[in-house]
Amino acid sequence: MFIDKAKIYVKSGDGGNGSVSFRREKYVPLGGPDGGDGGKGGDIVLVSDPDMTTLLDFSYKRKYKADAGEGGSRSRSYGKDAEDLYIKVPMGTVVKEASTGKIMADLSHENDKVVVVKGGRGGRGNARFATATRQAPNFAEPGMPGEEREIILELKLLADVGLVGFPNVGKSTILSTVSNAKPKIANYHFTTLKPNLGVASIKGLEPFVIADIPGIIEGASEGVGLGLDFLRHIERTRVLIHVIDISGIEGRDPYEDFLKINEELKNYSVKLWDRPQIVAANKSDLVAEDKRFEEFKEKIQKLGDYKIFKISAATGEGIKELMAEVSKTLATIPVTQVEIKREDLFIPEEKRFTYEILREDDGTFVVEGSFVDRLLGSVNVNEPDGLRYFYVVLKNKGVIDDLIKKGIKDGDMVRLNDFEFEFVI
């Protein structure tokens, strides 16, 4: 099964907690604090793998979590950093942040990597908090929480040439004729429901990768049917072979088909519409006279400088000449580099610990937020040293000043989660 889009949840590892420990050795009565720092949590890293061709694996597993860092221990022993979690994705995968739709990375080359969530920093052990006036700190920091987010993976095929056209015009037959690809072929609409890749190997020509894109229908650029999913796969191609059914056996006009497909390409992306097109008038073996082809060719050439070939994928007529022109055109076009504008990029915000101050009906001032959770997790407010450190942090972070601005007075109660104290200026 070909899967070209997936949404997954990723969470990096939490940092390990710092240790509260005191040196206790024979003959060392005043050893002091010796708690070590916690280890860093594991990152989650996506890496492109040329051996993968689909995002099918992400249909079965959608949640990925890296390991937490190890906690610190006595004797200033640092906790071990967790190993990073590497997740393989196909080359050509675009990574987007799900909530914003912004691009995090475009993994177009072998072994391209991107860190999608960073592991949390390890907490500091109590040995770090010893000072001349605080010689036996009875608290340590917890590890920082890891990052988490949902990301979208979109696979855009890496092909030199894209075969485009309405359903049932013979694209799959052309691909099977010029390569070893074995796409499903039958005489009904939407036979191809997934892109197929093949390497065109024609004697005397440089090989190139060609993609059979499922048939585009009217309204594809607006998402009708599977239009947007199909169009995405030709964004990276350098040349388009526009396949037309010249026979008209299904009652469609070849010229009108040409105009309609180009309208869909233009609506989806002007750059895509402006890409070099070589026109392949297929199923010529079903046309008794050349007049139909010549009339079609004359109309198309009035629209622009198009190279037009009369071919039959069934009999092989004109195929080598068509591929020779494709090879010649490719030689003049550099490999497409995907440009990502800065405004389209997802740039993770620096993690900040915030708080807000509310006042309840009974007059109690409530301070809540991620800052409060982290602070209370890092100190033992039941110990004198911990309580003093707690107050210093509130003062340094501006919480005390903000409480005063909110109108707090001596004797008012302040609550941070489950911890309450009486305010004294």
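Backbone N, Cα and C atoms are what each Cβ position is placed from, and that goes for glycine too.
According to Swiss-Prot:
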- 1-158: domain 'Obg' (DOMAIN)
- 159-331: domain 'OBG-type G' (DOMAIN)
- 165-172, 190-194, 212-215, 282-285, 312-314: GTP binding site (BINDING)
- Ser172, Thr192: Mg(2+) binding site (BINDING)
- 345-425: domain 'OCT' (DOMAIN)
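Minimal Cβ crowding within 10 Å, among the binding-site residues Gly165, Asn168, Ser172, Ser312, is found at Asn168. Taken through DSSP, the domain 'OCT' (345-425) splits into 29 helix, 17 strand, 35 coil. You'll find the Cα of Gly165 (GTP binding site) roughly 11 Å from the Cα of Ser172 (Mg(2+) binding site).
Ser312 (GTP binding site) carries neither a helix nor a strand DSSP state and counts as coil. Taking the domain 'OCT' (345-425) as a whole, pLDDT averages 84 in the prediction.
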